[in-house]
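Residues annotated as FAD binding site in Swiss-Prot, with sequence analysis given as evidence: GLY18, ALA19, GLY20, ALA21, ALA22, GLY23. What Swiss-Prot lists as NADP(+) binding site is GLY217, SER218, SER219, ALA220, SER221, GLY222.
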Amino acid sequence: MATSHPDPTTSRHVAVIGAGAAGLVAARELRREGHSVVVLERGSQIGGVWAYTSQVEPDPLSLDPTRPVVHSSLYRSLRTNIPRECMGFTDFPFATRPHDGSRDPRRHPAHTEVLAYLRDFAKEFDIEEMVRFETEVVKAEQVAAEGEERGKWRVESRSSDGVVDEIYDAVVVCNGHYTEPRHALITGIDSWPGKQIHSHNYRVPDQFKDQVVIVIGSSASGVDICRDIAQVAKEVHVSSRSTSPDTYEKLTGYENLWLHSTIQIAREDGSVVFENGKTIYADTIMHCTGYKYYFPFLDTKGEVTVDDNRVGPLYKHVFPPALAPSLSFIGLPWQITPFPMFELQSKWVAAVLSGRVSLPSQDEMMEDTKAFYDKLEASGIPKRYTHLMPDDSQFEYDNWLADQCEYPRIEKWREQMFYIGFKRIYAQSSTYRDNWDDDHLIVEAYDDFVKFMSSYQELLPMLKT
């Protein structure tokens, strides 16, 4: 079965759902390709997850489906775990701004600097004029037009002006995946009397003063939050499934922070028993256990499902074969350098919608996707890691996207900087943000940046000394 494509250089009316980093660059690329774009954003500002709020949800575990949802999961102390040079969009560098004293010049800046960068990006490319703020998408579904095998998309949205139904040629989903928490499954937890919270609702450590806290998870948020809490807590115990069962060690530089293996059982007397045999009486368990992909507004009649955190079937993590090219997803992969990938995915989607780039047939896309899933299964990789891109896979994917669009491949300095930085996180988790040994790559980055912003020319002599 052949996949239907727009005529070459066709302009489409496109709804972009979300005005975070993915939605902003999707809007830019779609408009660059000649499409008419409306960005629907439920919040009052751009930035998505990077728009910090001190507000948290009333349900600390975010289990109640009727709860008022807070989109952002940022904690106040968060700094980027990726160097700013490799984090930015390819043609809009995320470089320091030496003449603006209000900005954070650090190489791993605070979340406020990332939001400021996204605002700069939106201003530079006049993106906000395409955004409808405080507009929540209630439903998006395909509707058949008379005489057409495949229809357009009806998007129902709600704002202070009421509910609106609109018809679009295509929908690009950019609503992020850091809002709907995943939780650890702990034997006996229903009878355990202590408090539980997911990191989605963590902002500051004050509430944990003098407590014994167990932090489940040792990825980015777990590493940061356990150290944040250790400043005020009596004890902090980190449970990590990536350690051996007998693990029990005090973390360097802390007198009240220990690393354990997984939890064996939680008991009604308030104790928690680890696989290493240690028993801890804890006040609070903090779940730093990641998030679920969640699209409550999207009705695809079963063509796209979320199964154990696999969104699929999706060709190259973007297009559902049965609904391509009118439905696409930007930003699903993780453990990546996100903004450049969002940009390349957006270029691909925009070019496919205009007809400048063609997709394989529906059958060929399904065959490719099934082969990818079969490869994961044969390697023993669980479904929940479908969109994880470890090792070289993210840059192979980025370069594949670039080739589709006849756009330059990812710079070698950017790849090397990511790899070195990623290794540094685990080798020196407490200090990696302020100690590094890849200055030569910083110089290469700024050599590239001057092609886009001549104001960085003055920084080069300082960087090279």
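Cβ coordinates are placed from backbone N, Cα and C, and glycine is handled just like the others.
Annotated features taken from Swiss-Prot, shown on the structure.
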{"residue": "GLY18", "record": "FAD binding site", "DSSP class": "coil"}
{"residue": "GLY23", "record": "FAD binding site", "DSSP class": "helix"}
{"residue": "GLY217", "record": "NADP(+) binding site", "DSSP class": "coil"}
{"residue": "GLY222", "record": "NADP(+) binding site", "DSSP class": "helix"}
Site with most surrounding Cβ atoms, counting all protein chains shown within 10 Å, from the binding-site residues GLY18, GLY20, GLY23, GLY217, GLY222: GLY23
Nearest-integer angstrom distance between the alpha carbons (Cα) of GLY222 (NADP(+) binding site) and ALA21 (FAD binding site): 23
Binding-site residues compared (ALA19, ALA21, ALA22, ALA220) - highest count of Cβ atoms within 10 Å: ALA19
Residues within 8 Å of the GLY217, SER218, SER219, ALA220, SER221, GLY222 Cβ centre (excluding the NADP(+) site residues themselves): SER199, VAL223, ASP224, ILE225, CYS288
Nearest-integer angstrom distance between the alpha carbons (Cα) of GLY217 (NADP(+) binding site) and GLY18 (FAD binding site): 28
Lowest local Cβ density (other Cβ within 10 Å) among binding-site residues: SER218, SER219, SER221: SER219
Distance from ALA21 (FAD binding site) back to SER221 (NADP(+) binding site), taken between C-alpha atoms, in Å: 19
Other residues, Cβ within 8 Å of GLY18, ALA19, GLY20, ALA21, ALA22, GLY23 Cβ centroid (FAD site): VAL16, LEU24, VAL25, ALA26, VAL39, GLU41, ILE46, GLY47, GLY48, CYS174, ASN175, GLY176, ILE330, GLY331
Nearest-integer angstrom distance between the alpha carbons (Cα) of GLY23 (FAD binding site) and SER219 (NADP(+) binding site): 26
Nearest of the binding-site residues (SER218, SER219, ALA220) to ALA22 (FAD binding site), judged by Cα-Cα distance: ALA220
Nearest recorded site to SER218 (NADP(+) binding site) by CA-CA distance, among binding-site residues GLY18, ALA19, GLY20: GLY20
Separation of alpha carbons, SER219 (NADP(+) binding site) and ALA19 (FAD binding site) (Å): 26
Pairwise Cα distance for GLY18 (FAD binding site)/ALA220 (NADP(+) binding site) [Å, integer]: 24
